[in-house]
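Copied from TrEMBL, the annotated features are:
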BINDING   H56, H104, D193, H197  Mn(2+) binding site
DOMAIN    31-111  domain 'Manganese/iron superoxide dismutase N-terminal'
DOMAIN    122-223  domain 'Manganese/iron superoxide dismutase C-terminal'
Amino acid sequence: MALRTLASRKTLAAAARPLASAVSASRGVTTFTLPDLPYDYGALEPAISGEIMRLHHQKHHATYVANYNKALEQLDAAIAKGDAPAVVHLQSAIKFNGGGHVNHSIFWNNLKPISEGGGEPPHGKLGWAIDEDFGSFEALVKKMNAEGAALQGSGWVWLALDKEAKKLSVETTANQDPLVTKGANLVPLLGIDVWEHAYYLQYKNVKPDYLSNIWKVMNWKYAGEVYENAAA
């Protein structure tokens with residue numbers, strides 16, 4: 001049980017490591033810090049308001065990081081004691097809060113101010129792959145918007161690279177489940193947060209409007225770089 005748990009913890013930690021700074025706690029437990037945004041809170045307006053970005057980053061993402069670190073420290077103590085029930089009990093907190101940290105770290109990089117190229121359609125290898133696997137860029141956007149709007153409750157809609165099939169796919173995950181929970185072969189290129197906290201202050205209950213407007217600040221350059229690295 002302990003070996004499986006450690007492997008699970010390392011998988012989720014590895015997914016977060018390239019996305020945010022990690023520091024070692026005094027007892028040797030790897031913990032994580034809230035990453036800075038690569039733009040100002042108001043830089044994505046009018047697509048996403050500065051108020052939403054500030055709350056989303058400083059409150060929601062920060063809470064996931066704090067609770068993820070707490071769960072990792074508790075897990076380390078439980079393993080040291082050989083407390084198998086406690087180890088099992090902590091898995092849901094690690095998945096939820098660790099997933100929240102991983103997902104949001106990707107999400108911030110998926111966005112870019114219009115003045116810096118946000119919203120410009122994908123070019124190069126990723127653009128060609130989108131045309132091949134979905135027919136057109138417009139067809140991809142339509143599919144992701146439909147999947148996101150249809151997602152019941154809270155969750156995420158993803159553009160992923162399936163490294164085994166060597167094809168792009170659109171995936172959804174519930175709550176804060178990271179894409180890796182659907183298969184280690186899936187690489188997240190672009191993720192859209194469809195939790196209400198990502199849009200409700202601005203768009204109220206009209207989620208389709210949020211989904212339509214977020215493409216105006218999408219960072220396809222970043223997605224393209226992730227694609228080329230993963231496909232190499």
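Using N, Cα and C of the backbone, Cβ positions are placed for all residues, glycine too.
Unlike curated entries, TrEMBL annotations are predicted automatically.
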Fewest Cβ neighbours within 10 Å, where candidates are the binding-site residues H56, H104, H197: H197
Shell list (Mn(2+); ref centroid = CB of H56, H104, D193, H197; cutoff 8 A): H57, H60, H61, F107, W195, A198
DSSP-derived helix, strand and coil totals, residue by residue, for the domain 'Manganese/iron superoxide dismutase N-terminal' (31-111): 61 helix, 3 strand, 17 coil
Model confidence over the domain 'Manganese/iron superoxide dismutase C-terminal' (122-223) (mean pLDDT, whole number): 97
